[in-house]
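Not my notes, these are from Swiss-Prot:
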- 23: phosphoserine (MOD_RES)
- 39-129: domain 'RRM' (DOMAIN)
- 135: phosphoserine (MOD_RES)
- 136: phosphothreonine (MOD_RES)
- 190-229: repeat 'WD 1' (REPEAT)
- 304-344: repeat 'WD 2' (REPEAT)
- 347-386: repeat 'WD 3' (REPEAT)
- 630-671: coiled coil (COILED)
């Protein structure tokens, strides 16, 4: 094509700028117009003033309100006016043009929602934000997402052998494994750089939590895919509600939002109200932020001012309430999912130090919707120390107990909510010696009586046996507490109920001259480990059975406590029972020291089953199990057949000893599963056909059991004999 022809075509093409519509392209590319309003803020809620007084009000804003925030440009204030009764009156709006963007951003952060004057609360926004709000379309259009079925998040509970899983974190690798007693663990998944700090399980074991510089990730299902993600930069701590509905995250660093108009701001879950906050409460199902909080006041004596007592919030048993204490002042109780304060105000309690929720939701009766909360306050001037029980949401005081000469208190709820033990550390009037006693609230009884267990020593540790009225304590004389080799006493107590005599907690037995300082009750009760943790020279483990079987055991005895084993794990830093209460793991982690890092697995008697020395070992955590769905009747039926189950389990243990037997057993289970599936389909089809033809359904009488017998043929020997013609 000749150049002359091209020039002729260009002359014929006439395009006017006003005819070009690029609005759709601007919306698609999220183009921000350079309007130059980044430094302008709009303040709503200002006092209504006459036009003659506007300069006085501007001077008040500059010198009193905005002096520590930023400098406003010369003639940078503007107030719109309207005519009222012959006078020009302001509309309660003020425009302020700052010298830089930082001043405008800080003004929004510091003044928005704050009561600046007695009857005036400011609402502050940047002018760019208002422009964006005005451009919001009248009709909302949403993008439809294709439904994807989720994996079964509790599939591990269907394991044929009923095994438990655990996490092993070493170096930069995280692995999930099946426990196989003394055999090498069966690895399920192993990933590199799965987390950047540490890992943890949710309370029921549904999710595995990994923490990263940008936030939190939840993992689960058979494929261990990502279930949820929560953006929280530099997150340090995570806590779940008991039923895994909500999640609380906390970071040393407050959240900072990108400048208005920045593309990254649109992808963040945070609003302007969340800026500068450290703690966030999330709804796990939706991924929404329910509420954000600023960092609480730091404890006195913290070296760098970055110490925090975790968890900041404590949850009620039913996930309905979470509460936080402001030491010395109040307890704030929030209701989910709105996260609004109950009755819109905190519970003012002078001197309050700590509180604990009752671990069950029916402590006040099955029909009651009230949750029980216990707190304590120290002695203040002429007022005694006090322990109180209050119900939420009514905030009614259920029971109080005054205490004297108190140094400290610790609250210990029994797992069923039947008892609350308050460990009270007391001092003599001369304050030269200290001792402890136990104030036990019997929650289920009328008027909640309080029983006092007096002791001569200082109680160092306390532990209830799960779902029981027995407990153990470690105590020592206050004169030897500061010595290098402290000898402690291990004591057991139980609740005695006899006819014609008052019920009371009675001492059972004491083991003296021990070195233990920590107690770990098995999740199912009966067994306990007394350990020495935190020492640089002693790493003792002692295993106890509270119901040791002997011929001399008295039928009405509260317990028959017997030491059934002992062990030592050099460098031990952590101890944990598995969810079944059959195994105990002790670990030595690199976060404390670099000596013989790894873990040991023992049974409940203390017999060593397996030991693994792993360099840069960081964590060993058993996967929790949700509460059992079995009823008391189901449990009784299982106990009746326990001998049959034991015989079956022994046979399976023998079969599992070789890999060939394991493969054969797995193949048989697969065939039985396929046959059972086919059988269920046939039964359903036959039932449908009988219903169509009017025939009654085939049922098995309730008093009879359906028995499926499997016949397995095995070749014991094979011999070939020649046959003569």
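Here the Cβ of each residue, glycine as well, is placed from N, Cα and C on the backbone.
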Under DSSP, the repeat 'WD 2' (304-344) has how many residues in helix, strand and coil?
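Going through the repeat 'WD 2' (304-344) residue by residue, I get 3 helix, 16 strand, 22 coil.
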Residues of the same chain, at least six outside the repeat 'WD 2' (304-344), with any C-beta under 8 angstroms of its C-beta?
237, 239, 241-243, 245-246, 248, 250, 252, 279, 281, 283, 290-291, 293, 295-298, 350-361, 371, 373, 375, 392-393, 395
Considering every residue in the domain 'RRM' (39-129), what is the mean pLDDT value?
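Per the prediction, mean pLDDT sits at 88 for the domain 'RRM' (39-129).
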Mind tallying the repeat 'WD 1' (190-229) by DSSP state, helix then strand then coil?
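So the counts come to 0 helix, 21 strand, 19 coil.
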I'd like the number of other C-beta atoms within 10 A of the C-beta of residue 136 (phosphothreonine), please.
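Other Cβ atoms found within 10 Å: 7.
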Give the three-state DSSP assignment (helix, strand or coil) for residue 136 (phosphothreonine).
coil
Take the repeat 'WD 3' (347-386) and count its residues per DSSP category (helix H/G/I, strand E/B, coil), listing them in that order.
0 helix, 17 strand, 23 coil
